[in-house]
Amino acid sequence: MKTLIKNGSIVTKEGTVKTQDVLLHDGVISAIGLNLEETDAHVIEANGKLVTPGLVDLHVHLREPGGEAKETIETGTKAAAKGGFTTVAAMPNTRPVPDSAEQMSWLTGRIDETGVVRVLPYAAITTRQLGRELTDFAKLKEAGAFAFTDDGVGVQSAAMMLEAMKEAAKLEMAIVAHCEENTLIQNGSVHEGVFSKKHGIAGIPSVCESVHIARDVLLAEAAGVHYHVCHISTKESVRVVRDAKRAGIRVTAEVTPHHLLLCDEDIPGLDAHYKMNPPLRGKEDREALIEGLLDGTIDFIATDHAPHTEEEKGQGMERAPFGIVGLETAFPLLYTHFVKKGTFTLKQLVDWLTIDPAETFQLPYGRLEEGAPADVTIIDLEAERAIDPAHFASKGRNTPFAGWTCQGWPVATLVGGKLVWEEKEVAR
């Protein structure tokens, strides 16, 4: 099947915007140019709309198996499609954990059955994510693992992490790390700062994250592995990663939209929709994250989409689980609050959500060029509306951004040339 996207606005490598047609055929982008005509193609009229590579999110929680009340592979990937994401990477903190070839094979089969977009499954570093014994990396890679992580918890043993890094390096695979030193968590629910002091709640100090990253970058240097830091959140962590990159260590990092947009001073009362891990940090941390993204210390943006039920989030700040959803709101939030205000350019935002995560992990996605996979997102930069969780495709409604008015909403998403989501009025 052929699909012809007509008159869309494309961001060039130079950062300018120009009108182009894009022809998709047999799963790839077959032509980009002006006045393309194909008599047997399905036509999507994109006049006045932005056409980008399909967005790539390398940090999501799809909850299946074991957490289907929160999300499933089907609902999570529908949320991804609605948010413009054509590729997502699924974290392994499910029950059971994908820590064996058998479980990974089941997971990839389930993805093939019910996934709406491309899903790259992470495998666990340690059995059941308990930090006691390594999984069989070679067998997991053969079964379809994308990379290795114990996300949700940090690998506490330096010896265990070094062994994991050496095994991953042999396979030319990445170690992806949730960075927390357990002895410093202090049973905290929020950042140790303004909010925790005001409300008398135990806080998680910044050093809990940064000391773990500092340890790991030195281990990564010794092992010669690609080491990736999940959801970086503190100014000290940014400094550690910046110094490591300058030293030539193969370290990369991601940041979430919520850590770019909010700090602990923005939390209104004890609302658990503002509870995530890592927590919202201080104002200086938020500023350092923006600076780190702009100077290349931080490589790309990832949502850390983490759905929970309303009942769980209704338990209050101290008892509710950590996490918020993000797939359906990431682009409009970032476009409205950073591109429209001049902090980021449109090209920077698109790159951080497409080519940069893809290139960081040597993926073929995130490109709008002839011969690339036909993964395309169409966005109406003028469309403006308030975020309404009731309309989410995700099962999760747990967002701190409900009611925020944003511009820049995806209107069509194509994966491998197939239209997987659209607002009906965009197609003809």
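Including glycine, each Cβ sits where the backbone N, Cα and C put it.
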Given Swiss-Prot lists HIS61, LEU62, ARG63, ASN93, HIS308, PHE322, GLY323 for substrate, the same-site residue among ASN7, ASN35, ASN277: ASN277
One of ASP150, ASP151 listed by Swiss-Prot as binding Zn(2+) 1 at the site of HIS59, HIS61, ASP304: ASP151
One of HIS178, HIS212 listed by Swiss-Prot as binding Zn(2+) 2 at the site of ASP151, HIS231: HIS178
Beyond the site residues ASP151, HIS178, HIS231: chain residues whose C-beta lies within 8 Å of the centroid, for Zn(2+) 2: HIS59, MET91, THR149, GLY152, VAL176, ALA177, CYS179, CYS230, ASN277, ASP304
Nonlocal neighbours by CB distance (under 8 Å) for HIS178 (Zn(2+) 2 binding site), same chain, sequence gap 6 or more: THR149, ASP150, ASP151, GLY152, VAL153, GLY154, CYS230, HIS231
Other same-chain residues whose Cβ falls within 8 Å of the Cβ centroid of HIS59, HIS61, ASP151, ASP304, the recorded Zn(2+) 1 site, in sequence order: VAL60, MET91, GLY152, HIS178, CYS230, HIS231, ALA302, THR303, HIS305, ALA306
Spatial separation of ASP304 (active site) from ASN277 (substrate binding site) - C-alpha basis, Å: 9
Nearest of the binding-site residues (ASN93, PHE322, GLY323) to ASP304 (active site) - Cα to Cα: GLY323
Distance, HIS61 (Zn(2+) 1 binding site) to PHE322 (substrate binding site) (CA atoms, angstrom): 12
